[in-house]
């Protein structure tokens, strides 16, 4: 198995520092961009890996580089800019990495005195996390933020990509960590989840809502987070070992939170600096434990009484969730262990030979079905799932407790995206990166026929695809798929690729006159 974005016939230097291009530059168009495609694609990911004589250990740790591609009247304008976080400023001023990241612990210059070193040690015992938001973008109210998974987010100008303001979640609600994959409803309200670590002797997961911007907020200063509402708190099953999570699911009436046996050991984190290890080494996968599935009623803010379990697994991305005939169905990309994170250590990325199935588990597209109400007439050992189109099961262990088994829809798909207009509703199509014999592939997967179609081109490395629906589209896949493509063919530029959502055939591409870097996630803002 190869990395998403790495293949045998293509060499990509993941540790190379990128350069920014903050001035707007018109791309060279080949093909015809649909006239209705008006808006801005933002993309975010790590871009700086070496500062002075110091290097990051892990690809996720690199300092954020943001890209924007503005679609207007058949033209595309490109910009890129480094996020001017406090982390960026401190590292650049010192000309060395001085702010620790998850996979890289920063130690003081050997020439610093004892008092400075002692203060640095204390800061790492009670860590103040980085504000290097290199994972994704979040919209709260009318504002856009670059985000990772710490308590800090950075407000940006989506047009110029300038960094405007640092915002701390902890000023508005008690969360030390937060997902970088919120959900949005039709009214513009945002829903997210964070972890509150040992607050008043309790560790819990906090589900919260950031209301959409209203007329009464116009002219008022302060982020939309000032109006945040806590929907529900879910107790952590172990006080000092909260589950890691990257995303969650949502339907019209429910929120799905999967508490995995992939945990962050808080006590080990407190001593990591002293022991000379990274915070990432304090993540522990416990394969002997079950995975808990929490189903929260959005209206009441309470967990449903039924308890759901499944076997140990690690997941990063939810695909979608929906309700059907008394069930909540949710799709995820799951792994059998936590080796995906290890795959992205830069030392591993430099070793082509280590990308094989023996060392790293393959992404598996799984569908779970949760019966919402317990049927007391079903005997112990009976399957409670009554849906005809899935083999997913929920076996009754005792009254109100079910062991769930997923249906495997396909293997090899990651970075899943859907037509977000049907988020929370039953979907048919999923777009993503396919991990197979060649990883230079974006794919469209049909969940009903189980068929997959691909786009690939020699020496071209596509990013996560983003689906943009055509206004008043006639079908779920009526729209286009956008992906940025790193082009390693001699004498050719990298480009934005536009694919037809239905046929998955190329509609157009836009060559940019600067290098594109491998990134994480994208966000489309329609005009």
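In case you wondered, yes, glycine gets a Cβ from its N, Cα and C as well.
According to TrEMBL, the protein carries these features:
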type    : residues           : note
BINDING : 181, 246, 317, 521 : Fe cation binding site
Additional residues surrounding Fe cation, by Cβ distance to the 181, 246, 317, 521 centre under 8 Å = 135, 136, 179, 180, 247, 316, 318
Sequence-distant neighbours of residue 181 (Fe cation binding site) in its chain (C-beta under 8 A, six or more apart) = 136, 246, 247, 248, 317, 318
Listed in sequence order, residues with CB under 8 A of residue 521 (Fe cation binding site) and six or more positions away | 43, 44, 45, 135, 136, 137, 180, 415, 464
For residue 246 (Fe cation binding site), list the number of other Cβ atoms lying within 10 Å of its Cβ atom.
-> 15
Within 10 A of the CB of residue 317 (Fe cation binding site), the number of other CB atoms across every chain shown is 20
